[in-house]
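What follows is a single structure, written as structure tokens, with notes after it.
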């Protein structure tokens, strides 16, 4: 779910950037999304959005699905999840968290005018 996803982000980036920095970034980080991603981090958000869309097509509820995960020194991972939907959603979130941690953060792409830049 979205709360767990925020913890996974913090785990993957070792607390270097607050989760709220990703809530209004580029064209895809945050609610909705359209156009071409503005950079690598925004592409991570689009991939995560697409993953959640795929989860929805499978009958899952990604924004509300609670799963078991662990935050280790090498980052987050999904723990012993047998239910397919929960595993799928957890994998979406873990992959995105690592993607966020690797991607550079460009302050100029935070809180952009999406009507102009995301067509």
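Here the Cβ of each residue, glycine as well, is placed from N, Cα and C on the backbone.
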Further binder of Ca(2+) named by Swiss-Prot next to 28, 30, 32, taken from the candidates 39, 49: 49
Integer Å distance between the CA atoms belonging to residue 45 (disulfide bond) and residue 32 (Ca(2+) binding site): 10
Cβ neighbour count within 10 Å of residue 11 (disulfide bond): 22
Residues close to Ca(2+) site centre defined by 28, 30, 32, 49, Cβ within 8 Å: 27, 29, 31, 33, 45, 46
Cβ neighbour count within 10 Å of residue 118 (disulfide bond): 18
